[in-house]
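Enquirer: Summarising the annotation, TrEMBL assigns domain 'ABC transmembrane type-2' to B:19-250. Annotated transmembrane segment per TrEMBL: B:20-39, B:59-84, B:105-129, B:141-162, B:174-192, B:226-247, in sequence order.
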Amino acid sequence: MAVTRSVAESATESAPGTSVVDVRNLRKTYPVKGGPEKVAVADVSFQVQRGEIFGILGPNGAGKTTTVECLAGLRRTDGGTVRLLGRDPQADPASVREDVGVQLQEAALHDRITVGEALDVFASFYERRADPAELMELLDLTEHRKVQFGKLSGGQKQRLSIALALVGKPQVAILDELTTGLDPAARRATWDLVERVRDSGVTILLVTHFMDEAERLCDRLVVIDRGTVVAQGTPTELTDSLGGDRGVRLRFADDAGRGRALDLLTALATRDDDVTGVTPAGGEIEVTGTRKVLFAVVRELAAADVVPDDVRTVTHTLEDVFVHVTGREYRADDDADDNENEEAA
Amino acid sequence: MNTGPLLTTETKVWLRDPAAVFFALVFPALLLVGLGLVIPDFRNPMEDPGLPWDSAPNVTVWLPTMLALAVATISLTTMPVQFATFREKGVLRRLATTPMPPRNLIGAHLVINVVALLVAASAAVVGGMTILDVPFAVNPLVVLLCFVLATTAMFSLGLLVAARADRASAASGIGMLIYFPSLLFSGVWVPIPVMPEWMAQIAKYTPIGAASQGMLAGWFGDDFPLTQVLVMAAWTAVLFPLGVKLFRWT
Ligand SMILES: Nc1ncnc2c1ncn2[C@@H]1O[C@H](COP(=O)(O)OP(=O)(O)OP(=O)(O)O)[C@@H](O)[C@H]1O
Ligand SMILES: [Mg+2]
């Protein structure tokens, strides 16, 4: 597949040693009672450069959390090598603790510790410390300083969790599912925050199952599915890899205009090579073709004085990339069936 | 690694849990003094001759039992639930991502619980002596030795419960399952001097029964409770390494 090939190429580009994160052929299995072991990560490789926001994207159960937990030295690997800041967290987990902040997907605090106390006590664990007051300001936690963890909202807990990951002034921050459970406004605020943190010089490894989050935030990313890397690159590289197909969507005020436009464009498609397809889509018309499809459509409609209410270009999303490389729909809850079985057992 | 701030913060947070504070700190003293005041017979002088003091109230034999109860309450109800909660909530996991090893959190809580236990035991002794006129121990060092060994044995047992229980609710259930027979063997329900011989014999080989009997012997200046001391030391020697070895961090 075209996309996976470009993965291999970009992986060899960076000389070993310059990467902040270097994962090669990682493999991790979990024992399963009375059955064959579960392969959570089959073969995952990627490198992260300093100052990047690097994404690990994949559906639920793809093996994202397992990957970063192995990388952080919180789990033993079954194969492959992992390096963080040039050190080996598998051989010596303590060697990376000072310099790597981790926001785990599932980790809470005592219900009765306050925001301020949590930040202060976590700060005391590190030699280099961020100013807890500044962090609270950055994460909009100042007014909740005296609130106990158990009484915080989901978003506030999440922000505290990020603050705790940053309180040791890490060089690398691993953030696992940091916007799950947040409302749209809080998600956007968190995205801005992640960018600010990166701008302050922290390399960020962002684990997410949200396509839009990865597309919006990541400089580069790997897409993981069922424990293997199925795509890798910048978001644009990945979406462009799907080929030259472009799309334009047109909306009209009334059916008359839409009917006339449909006739005009269908005729255009037969004589203009830049236009390859015209399909009615809901109340709209979708036209596909080459990079010049928008010009061709606009020229044709303008000449006939048919004026659409709205014109939108349709671009490929990471979701299309996932569908293309796996042949399956992207369902965030890909692993739901497995989980149900596990619970029933 | 400086564990000071962790210890102070954990202490503050510990003190915010009303149930922990009540059962760990106040309960033994309250039970002793409360029942001592409510049940008239507890305050009557003992009839048993041959004691070094004449006017000691009946409740005197109950004081060592209350000290054992203090140990059992903290080690079987408070502590295992705390540790299992840390694991269940992911507190240990989160600490594992920092330079502070999660075992230091467990260590800090062992310290907090030992201090709480000393407070609870002192409150029971002082309450019993001042309010109920219980005379002080004849062999305080024997009492102290048995108290220390009771603590090591019972904390090891609590650690073992916390080691495997994967949820706070499970830790609480298992803890209670051991706690109630412990109360029986320690003499809370049937005071040690009137305990049937067969029950006393069984109790002697349980950590809490040995603790109670040992402290009673020390309080009344009986012979040195050698068997009980050895029993508690043996339980500690077996349970502590087991608890440490089996402790699950995730
Ligand atoms: N401790 C464990 N024991 C057994 N199986 C596990 C364990 N942790 C994860 N798994 C299984 O391994 C697979 C990968 O899990 P992982 O948590 O790494 O996925 P993920 O990509 O992070 O998913 P999500 O988006 O839901 O967080 C899943 O099928 C999961 O059920
Ligand atoms: Mg995950």
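Each Cβ is built from the backbone N, Cα and C atoms, and glycine gets one as well.
Surface or core, plus neighbours and distances: that's what I need for these features.
Expert: Taking Cβ pairs closer than 8 Å, the transmembrane segment (B:59-84) reaches residues 14, 20, 23-24, 27-29, 31-32, 35-36, 42-43, 46, 106, 109, 113, 116-117, 120-121, 124-125, 128, 132, 134-135, 143, 147, 150-151, 154-155, 157-159, 161-162, 165-168, 170-172, 174-176, 178-179, 182-183, 186-188, 191-193, 208, 211-212, 215-216, 218-219 in its own chain, all 6 or more past its ends.
The list of residues near the transmembrane segment (B:141-162) in space but at least 6 beyond its ends in sequence, with Cβ under 8 angstroms from a Cβ of it, reads 64, 67-68, 71-72, 74-76, 79-80, 82-84, 110, 113-114, 117, 121, 171, 174-175, 178, 207-208, 210-211, 214-215, 217-219, 224-225, 228-229, 232-233, 235-236, 239-240, 242-244, 246-247.
Sequence-distant contacts of the transmembrane segment (B:226-247), counting only residues of its own chain at least 6 positions beyond either end whose CB sits under 8 Å from a CB of the stretch, comprise 106, 145-146, 149-150, 152-153, 156-157, 159-160, 162-164, 204-207, 210-211, 213-214, 217.
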